[in-house]
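Novice: I grabbed these lines from TrEMBL:
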- 20-37: transmembrane segment (TRANSMEM)
- 68-177: domain 'Epoxide hydrolase N-terminal' (DOMAIN)
- D247: active site, nucleophile (ACT_SITE)
- 269-291: transmembrane segment (TRANSMEM)
- Y397: active site, proton donor (ACT_SITE)
- H452: active site, proton acceptor (ACT_SITE)
Amino acid sequence: MWRESLSNAWPFDYSQKNAVLVPVAALGVGGMLLCWLRSGRKMKTIDMGDGWWGAGERPPKGKEDTSIRPFKIETSDQEIEDLHQRLDRFRFTPHVEGAAFHYGFNSSYLRKVVDYWRNQFDWRKQVEVLNKYPHFHTTIEGIDIHFIHVKPSYVPHGQAVRPLLMVHGWPGSFYEFYKIIPLLTEPAKHGLNEGDVVFEVICPSIPGYAFSEASHQKGFDSIATARIFHKLMNRLGFKEYYLQGGDWGSRITTNMAQMLPQSVKGLHLNLVFIMAQGLGKMISTMLGAYVPWLVGFSREDVRRFYPFMEKNIYEVLRESGYLHIQATKPDTAGCGLNDSPVGLAAYIMEKFSTWTDKSFRTKDDGGLESKYSLDELLTNVMIYWVTSSIVSSMRYYKENFSKDPRIHDRVSVHVPTGIAAFPQEIVHVPRVWTKKVYKNIVTYTYMPRGGHFAAFEEPKLLAQDIMQFVRKVEQL
């Protein structure tokens, strides 16, 4: 009966229709399956694009200067005299009783810092320290990029040397890596290993920081920085390389892995940004304190993550006032800091207190000299002072936060990734959450001590974790 009905409805019999429809359906389903498989295999990446950040118009293609030029940091009597005159005019502001570092940089301790800076700190000597590694400039996308490039002094025959790009953040600089560089380039000499993992280290200054020229155009963000640093590594002759970063360095190196994964052998981070929110994250936050195993939290995650409101809301609010200023109107505060070395030192050095250890907020000296020397801290401040780079470094926040920061989480990272989670970092991100973006985590280490400025504070711990990560990557 139904055959007859179908025959009446169509101008050819059912067997003819079968002969046409079945292959067509099979081809359609097969095509959709093939497309699905191909889309699953195709890795989504950030478009590399191109840019021009110099003043004026871009020169014709092939006319840009691609040379790599040796560079040396210099100072002068005039520069030092100007600094001393400004320090001599320091106007002291009394603090309230029991202030410690709760209100920011303690002004009594600041007076001690200024006195040391004016009468004992030797900038000429520190310039010699800075120049102990080779410095270079090269022009990329219209701006001069500063970097140091340190190679091992001796490489045994047959030993592979792995290129490692290390990127700083704010308010740090390339100087943060001075203590870790010898551990990475000559590990056996420092008792770290038998020399099975050896690096040559490249540390660029983010454009607008230190001796890297600032962008002359709006919109210079971490993605533009990632592209420039890829071009830098390519210009140095590297096709594959390892990356390491914390703070802005973490965002930049992550973008580099998202942009050109085929060039990145491995990505090592000591800070992870996960911006995406959602119901799942909310539920895991609520359940994690009671049944952590159910949501993938470890005992150490629980210890570092809870109480949630104190460690993830109140603590972040206490430490992020600067971020709102720099993400909205950076030039207003920045111009004042650029004119006052004392204001600049207080603004920068305060971060090296509470970002190193939150408990340092209760100390009158901010605990600064328990982890660093005044020479080290003031050298970092001087890098900002002599280059007048505080304003452009602060603008980097506005350029990045003026766009939706969640765009960075929409492209997964598939390169081998190592994460060193330091206990005093501003926020803790559980491994199960990092896997939402970083799909190929090779190592995730709960570091025993240390905070935000890992390479500066705990160079040996960080170097050991980088080496452990690279060993595992090389065995894959």
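Each residue, glycine too, has its Cβ placed from N, Cα and C.
Predicted automatically and left uncurated, TrEMBL annotations should be read as such.
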Novice: For the residue listed as 'active site, nucleophile', which residues in the same chain are close in space, meaning a Cβ under 8 Å from its Cβ, but six or more apart along the sequence?
Specialist: H168, G169, W170, G172, L271, H452
Novice: Could you break down the residues of the domain 'Epoxide hydrolase N-terminal' (68-177) into DSSP helix, strand and coil, giving a count for each?
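Specialist: Counting residues per DSSP class in the domain 'Epoxide hydrolase N-terminal' (68-177), I get 37 helix, 25 strand, 48 coil.
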Novice: Quiz question: given the active-site residues Y397, H452, which has the greatest number of C-beta atoms lying within 10 angstroms of its own C-beta?
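Specialist: The largest 10 Å Cβ neighbour count belongs to H452.
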Novice: Taking the domain 'Epoxide hydrolase N-terminal' (68-177) alone, what is its mean pLDDT?
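Specialist: Mean per-residue confidence for the domain 'Epoxide hydrolase N-terminal' (68-177): 96 out of 100.
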